[in-house]
Amino acid sequence: MPPAVRQGMRTVGTLRVTRPSSYVLSSREFSVLNRPPPNYPGHIPLTTIERGALAVGSAIGSLLNPRRADLIAALGEATATPYFIYRLRDAMLSNPTGRRILRDRPRISSKTLSVEYLRSLPPNSVGRTYVSWLDREGVGPDTRETVRYIDDEECAYVMQRYRECHDFYHAVTGLPIVVEGEVSLKTFEFANTLLPMTGLSMFAVMRLKPEERERYWKLHLPWAVRSGLASKEVINVYWEEELERDVNELREKLGIEKPPDLREIRKMMRRQKKAAKAAREKFEN
């Protein structure tokens, strides 16, 4: 049984202590006897029950720990079928650039993108903005999980492409990888792609601090919905061909509105809290 499915079963199993038995999926229901053969290298076919357990377990696990990229990836794959990933694939097929991406099957990694080249580009270019965002956040292009649980081979590539382009969405919007930034970007992605995982990720707003939650409702949620719905489908961007373009020009082309700088907002709030604390201590003394 795939490790992610076992993780999902363990998470669901913990519900036994708080839920009636009718809510529990017994491990006896899980079987590999009806598992079809893989459709592509690395593919792990799942039975309906396994897919359901994977969806429930990964949803609970990723809510408890939003930094578990493997669980978020599993949730995305388990909930993308039978409709949503096909809708996204059809959106690519209906777009000339999307069709080229499906034909060429480009991959985004440190092997396909030269970091040195990106750093040599003009400061306001897409490529330089992307690599500067990677440097600032301390991440790289090789951190994305490989798709395993989507049955259709072409749709599996669509999910892989979405996953590998995620950091470009971060870079173009300027949103950091802190939970507040991820929730805001996932809201944008949900409005733009309709992938269920991006919508379910919005429940992580419950883990935000009160002031962060208020900021999300008042500032980033309206931005994400407005910009995600108004912009062109970002899955159809051939990022490898846009690296030298001015990033503001690309935002205008796609119809993406850049949100307020979340890192600067958080820094300003910390400075204000520090100053207020110092003022209180001075007054008390």
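Start at 1 and count along the chain as shown; that gives each residue its number.
Each residue, glycine too, has its Cβ placed from N, Cα and C.
According to Swiss-Prot, the residue from Glu154, Glu180, Glu182 that belongs to the Zn(2+) site alongside His166, Asp167, His170 is Glu182.
The Zn(2+) site is defined by His166, Asp167, His170, Glu182, and by the 8 Å test on Cβ atoms against their centroid, the other residues of the chain that qualify are Phe168, Tyr169, Leu175, Ile177, Leu185.
Neighbour density for His166 (Zn(2+) binding site): within 10 A of its CB lie 19 other CB atoms from the protein chains shown.
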